[in-house]
Amino acid sequence: MLRFMTAGESHGPALTAILEGLPAGITVDLKQINTDLARRQQGFGRGGRMLIEKDKAEIMSGVRFGQTLGSPVTLQISNRDWANWQERMSQFGKPAGSMITAPRPGHADLPGILKYGRNDVRDILERASARETAARVAVGAVCKELLAAVDIKIGSYVVNIGGVNAQAVPESYEDLLKRRQQSELGCIDPEAETKMKAVIIEAKEQGDSLGGIFEVVAYGAMPGLGSHVQWDRRLDTKLAGALMSIQAIKGVELGAGFACANLPGSQIHDEIYYDSNRGYCHHTNNAGGIEGGITNGEPIIVRAAMKPIPTLMKPLLSIDISSKEPLKANTERSDVCAVTAAAVVGEAMAAFVLADALVEKFGGDSIAEIMKRVTEYRQYVRKGSSDCG
Ligand SMILES: Cc1cc2nc3c(=O)[nH]c(=O)nc-3n(C[C@H](O)[C@H](O)[C@H](O)COP(=O)(O)O)c2cc1C
Ligand SMILES: C=C(O[C@@H]1CC(C(=O)O)=C[C@@H](OP(=O)(O)O)[C@H]1O)C(=O)O
């Protein structure tokens, strides 16, 4: 079983993740991790913090001479901004600066202070902040290395921002990367991107914020990851939970998703074919690569909807938690739109879920064992025989 935990506050010294259960022998490339961390910082509409940070991972355990050891991998990302927050975020000093008492609608502020019995909203927002997702992206980048060893590749792209829809669909992983390269928003439809930028500029001018939708696609997954036998072993359960765990994600769809509800079965279900090169296959993929909680060999397609950023420069009404008087919600430096960043986090979470499913199915304490078993299994699947060797 693969598992990870993160720790760290948005303006604390660092973000940390411990990833446990990785087989030994996976190549770990800091450059790859840092490339994903840099992608997470990008996106038209991000706030001033992105000008301060230059996220880089340090590996504190579990890797020797560029390979995993099978022991827990600890990843750490320092917060450059910590230098400006040491007093306000002091672990043992006296409270410095004024308290935040105007919770923002849509953020963890109000439920958080009630649940944890705090009277300064900062005690909540520091950990609720999506700064934490930098640690998840580092974890995902390591999981991608495991998946790449068995030819599974994950990409993502933005398909909607503030109601502006992109029309393009990538033909392959390589096509996705190529078309995304030119984009500032992680979108593969340049016409839509121009309109997306315009609505972001407009929202910023209005003191408003925007959400949107991104799609994550995993190419090359073999049939048989996940299981139908128990609710919590279904791969769709795990993917939906993982994507929904990202701050501000409010909806997750697999394949045709909600559109399935509007069409008859004859137009939704993917007919089954057999091809001696590929084994069983489909000419459509409305299932999004998962049937009965198990991968069916087609690309895995998950979509997630992000709500608009809660911090508004023209704030909504709130209540002062000390006086109970109405007032405007707290404003502070903020993103206007972070769908591009959320897509990179979505990739990371999907990579983690698939890496876990791979380790569950193929076991193995070393990547060599996994690769050998995957090769044999792929041969068996191509033959389409019930003899699994
Ligand atoms: C990459 C990313 C960046 C975000 N940036 C901000 C931000 O700058 N300001 C803000 O108020 N919310 C931001 N959010 C959203 C909040 O973190 C989120 O709405 C909050 O944690 C409440 O959680 P919930 O939306 O899941 O209920 C961001 C989310 C993501 C994924
Ligand atoms: C505020 C939130 O997340 C943001 C995500 C974020 C990052 O690195 O992604 C950095 C933080 O920067 P700042 O110092 O400007 O607060 C947050 O802005 C939030 O999620 O509530």
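Backbone N, Cα and C define each Cβ position, glycine as well.
The feature NADP(+) binding site is assigned by TrEMBL to R40, R46. Annotation note: R46 (NADP(+) binding site) sits in a coil segment as assigned by DSSP.
Here the Cβ of K307 (FMN binding site) has 15 other Cβ atoms within 10 Å, regardless of which shown protein chain they belong to. Per TrEMBL, FMN binding site is recorded for R127, A128, S129, Q247, A248, G292, K307, P308, I309, P310, T311, R333.
Packing around T311 (FMN binding site) is summarised by its Cβ count: 21 other Cβ atoms lie within 10 angstroms of its Cβ, all protein chains included. You'll find the Cα of K307 (FMN binding site) roughly 15 Å from the Cα of R46 (NADP(+) binding site). Ranked by Cβ neighbours within 10 A across all protein chains shown, the binding-site residues A248, I309 are led by I309. Taking the C-alpha positions, the distance from R46 (NADP(+) binding site) to I309 (FMN binding site) comes to 11 Å. Ligand 1 lies within reach of A248, I309, T311 from the binding-site residues R40, R46, R127, A248, I309, T311, judged by a C-beta closer than 6 angstroms to any of its atoms. Binding of FMN is attributed in the record to R127, A128, S129, Q247, A248, G292, K307, P308, I309, P310, T311, R333, and the widest Cα separation among these residues amounts to 44 Å. Checking the binding-site residues S129, A248, I309 against ligand 2, the ones whose Cβ sits under 6 Å from it are S129.
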